[in-house]
Each structure stands twice: as C-alpha cells, then as structure tokens.
There are 2 protein chains.
Amino acid sequence: MLEIGGEALVLTHDAMAAGVHFLPDQDPADVAWKLVATNLSDLAAKGAEPLGVLLGYQLGQANGRFIEGLRDVLAHYAVPLLGGDTVAATGSQVLGLTALGRATHRPVPSRGGAMEGDAVWLTGPVGAAMSGFDALRAKSGDSLAYRRPTALLREGMALAPLVTAMMDVSDGLLLDASRMAAASGVSIALDSAAIPLACPEARRDEALRWGDDYQLLFTLPQERACPFPAHRIGVVREIGGAPVLLDGRAPSGRLGYEH
Amino acid sequence: MLEIGGEALVLTHDAMAAGVHFLPDQDPADVAWKLVATNLSDLAAKGAEPLGVLLGYQLGQANGRFIEGLRDVLAHYAVPLLGGDTVAATGSQVLGLTALGRATHRPVPSRGGAMEGDAVWLTGPVGAAMSGFDALRAKSGDSLAYRRPTALLREGMALAPLVTAMMDVSDGLLLDASRMAAASGVSIALDSAAIPLACPEARRDEALRWGDDYQLLFTLPQERACPFPAHRIGVVREIGGAPVLLDGRAPSGRLGYEH
C-alpha cells in the first residue's frame, strides 16, 4: 500500500509459471484471464477499485490467443493496461502482473483484524475450481470456474467498511483461514456443514483444501448482517492450540496449496 | 501514467531474461541492481520521484546474492520494495519489476515533444556499458558500468520543467534518437564529434549503437541552458528523409539493440 495525493493505492504483483500455476497446454486466453482475475481478486480483498494493470509477458506458443484473453478480461472488468514488457526466453513460460487499485475505504481491510466473537463468513461455495480442473484434465465437463475465475470486486468494496478482517481464498479455505487466524492472533472455528460446496458432498474434505475459487473470507462483528447473500461458516475464538478448528478439532493433513 | 488524488503516477514495468538481458553466469547481485536501476531510469526520464517497486522473481541459482543486490540498490536509491511474488519454474530465469513514481512536473516529459530548432542534449558519455560488457566477458578490466548502471533521477527531475522531450538511452543512442524523432514528427541531426565517449575513439560507431548506458537524451529550446554540465550533441530539424542524421547523413547499418 502506498499513500499518494490523499489516496491509498493498493498494489499487488503475482507471477504465474506454466506447469505450476497453469497447465502448459492450456488455452493462453484462459491463462491471461486467470492472471488478471487473480490479481484483481487481491484488490477485491482490500476493497479496492482497480485502476489498471502492468504485464510482464514471456513470449509463448500462441501469443495471439493470450492477447485475446487479455483483451476479454480487461474489458470484462473495465481495467486499462497501463504498461508492460515482453521478453523472449527458453523454458517454462513465466508471466507477471502488477495490479493497482484505489482503496475505497480506510482503514484498508487486512487479514489481521479478526476479533474474538466475530462471525466468519464466506461469499460463496468452494470446490468449483477443483471440479473445473478435473473437467479440464479429462477434457470433459464444465471447466469454466477453473479457467476463468471471478474477482469479487463489488463484494469487496461493499464489505470494506463493515469487516474486521478480509482476504481472498486462493490457496484453500482451511489454509487461508489459518493465515487469517495467525495474522489476527485468534483461532477460527469453522462449522463444516455450513460451508457451501460446488462439488459432490463426498469431496468436501478436498474442496476445503483446494484453492483457486477466489471467494472472499471475512469476519464481521457478531450482530452485523452481510449486505448481500453470503454464508456464515464459523466464529472467531480466543487463540488456542490450532489456528483453525473444523467442527471443534484441528483438521488433519495438508490445509491447502503451499507455494 | 495514472492520475490519482491530484498526482500523476508514473509506472514502468521491465522484464529481463537470463541469456537475453544478462549473462546466465552473472552475479545475481548485479542482476538485481540492473533490474531496479533500469526501471528507475525510466522514471528519471519522466522526471518522476520513485515511490517503490514490486518484484516478480523466478527462483534461480543464488537467490541469496540476488537479495543482497536488491537490498543494495533499493538502499542506494532509498526506494521501498512494496510487494512481489516468487515463482519456481524451469528454463531461463525471467525477472520482472514494476516501478512507481510521482511526477514532479506537469506535463510529464515524453519523447514526443521535440520541436524544430530545439537543441539536442545528452547527460553524459556513451560506450561505458559496452566497454564494461567486454571487461565482464573477458573477466578482466572494469565492468561496473555494465553491471551497475546509474539511474539519473536527480537530473531527470531537474530537467522535467525545462525539456521539450526526454527519454533514457537504453537501446543505443542512434536508435533511441530515431524513436524520439518519430514520436515527435521531426528529424534529429546529430554532430558525431560532439557526442562524448567513454571508450576509445576507434569504437565510436559501435558506441553510438550500444545501449545500457542510461544517459538521458533530451531537447531544449535553442536559447535555454542546461542547469548542470551536459553535452549539446545536435539540433532538431523539420522532418526529412531519415529520422536521425549523423553529420548530415542517415547512419548506415543497425541503429541499436532491437528487442
């Protein structure tokens, strides 16, 4: 974050690599979409209004398709491309994007403000990107949620004046909730059955650990209502043995995607 | 460029790849320096005061050395690291840097404002990076100018209210002068003997086509003095057959480093 001319500028930079963040044979138009949308999701989590992006583009196989996807996603979110650079290099394609936004509310929401007694909320279901990824690999079924995630910019701006803490779920609900808990110095107790799924119930455990859905995870004072339909999935507790509890117990295994 | 809160924000993004912009076996501390300094040079050419940088870092061989160099260059220019991302990928290392600055003068200088009759100026000699590159490859002699270029931030800010056009010379004096000429709709006539060299006279032709010195190339109205010692190297003419003339003739061969 940067203060300039009385405004708070919110800045994000994400790098994505073929084989790590996207499949090497994925449609470059979808890669462009995801690169932009994930950065805009970071802005959404800060309640920021996007001002523009800068692209660092390593030339790849189908640069025309990338440009088409870039044009689509920038038009969809009405965000200008302010600059960038291209580079030719061997090896896995590496892409970088910087997004700039203007904070719409001060203080700017962070993951560090959750208070004991707050309710824990989630904007929508998890597991959609997971199902989409499987569909993409199987070349059968609906893969849109994985290929073209949504940045919840309007929701983030609406929530910014209300929340005590907020972040986007990029690496898995349990992992990101544990990060919010650690940053806030609290424990977060989640009610498994209250967490909405966009996949079969049998995959609930997996879906709680899968990222890429870019839902907003946020905390509100107990008595405060959410201004749009969302899901109340838990409560903030005094710091205890585990940063995140699922139905009263520390969840086992990997909590999400560490990278 | 971006208007926010009554300020003009100047934004640059450069990507650098091993084997293209730096030698694969170069000290990563020098690579970090160059990545930052070249972006700050873009800000210098706009008369902007740096506010911070964001880094997209593909993990390489000696990440600790890169971090040392990054710390050095950021401390040297008193610029904060505002954010960034790291990524692990195979193949040539690709690095990206976004730099943000605050315009200190409006309108912000561009390469497009040179006027017929203006004098053409250069802050300092060309050929230093060329000699430095040879020294680095030969592992003998002084390679500092190539490894650790200087961003002329103070000069850029001092010039911003005075110039009709300004840019940094990154790809070769003749090539960059031709770009300024094209953007301004003029011809630029250079006097070869007036161009200061940091290499033997025998290499003048080469030095005029070598980039990486990051001198500022600028135009001033004929009667206006430069506020610090600099070199008057030519004059802006009505648009003619060639965008750039060297001693009255269109220079032959490659004008600089095209990439």
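Cβ atoms here come from the backbone N, Cα and C positions, even for glycine.
Taken from TrEMBL as is:
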{"type": "BINDING", "residues": "B:Asp14, B:Asp42", "note": "Mg(2+) 4 binding site"}
{"type": "BINDING", "residues": "B:Asp14, B:Asp42", "note": "Mg(2+) 2 binding site"}
{"type": "BINDING", "residues": "B:Asp14, B:Asp42, B:Asp168", "note": "Mg(2+) 3 binding site"}
{"type": "BINDING", "residues": "B:Asp14, B:Asp85", "note": "Mg(2+) 1 binding site"}
{"type": "BINDING", "residues": "B:His21, B:Asp212", "note": "substrate binding site"}
{"type": "BINDING", "residues": "B:Gly84, B:Asp85, B:Ser170", "note": "ATP binding site"}
{"type": "BINDING", "residues": "B:Asp171", "note": "Mg(2+) 5 binding site"}
{"type": "DOMAIN", "residues": "B:4-102", "note": "domain 'PurM-like N-terminal'"}
{"type": "DOMAIN", "residues": "B:116-225", "note": "domain 'PurM-like C-terminal'"}
* **Three-state composition of the domain 'PurM-like C-terminal' (B:116-225), taking helix and strand from DSSP** => 44 helix, 19 strand, 47 coil
* Asked: Could you give the Cα-Cα distance between B:His21 (substrate binding site) and B:Asp14 (Mg(2+) 4 binding site), in whole Å?
  -> 11
* Determine the minimum-neighbour residue: among B:Asp168, B:Asp171, listed as binding-site residues, which Cβ has the fewest other Cβ atoms within 10 angstroms? => B:Asp171
* Local confidence of the prediction over the domain 'PurM-like N-terminal' (B:4-102), expressed as mean pLDDT -> 95
* What is the nearest of the binding-site residues B:Asp14, B:Asp42, B:Gly84, B:Asp85, B:Asp212 to B:Asp168 (Mg(2+) 3 binding site), using the Cα of each? -> B:Asp42
* Can you list which of the binding-site residues B:Asp42, B:Gly84, B:Asp168 come closer than 8 Å to chain A, going by CB to CB distance? -> B:Gly84
* Can you tell me the three-state DSSP label for B:His21 (substrate binding site)? -> coil
* **B:Asp42 (Mg(2+) 4 binding site): tally of other CB atoms within 10 A of its CB** => 23
* Just checking: which of B:Gly84, B:Ser170, B:Asp171 have a Cα that is within 10 Å of the Cα of B:Asp42 (Mg(2+) 4 binding site), counting only these binding-site residues? -> B:Ser170
* Beyond B:Asp14, B:Asp42, B:Asp168, what residues of that chain have CB atoms within 8 A of the centre of the Mg(2+) 3 site's CB atoms? -> B:Thr12, B:Thr38, B:Asn39, B:Leu40, B:Ser41, B:Leu43, B:Ala45, B:Ser170, B:Tyr214
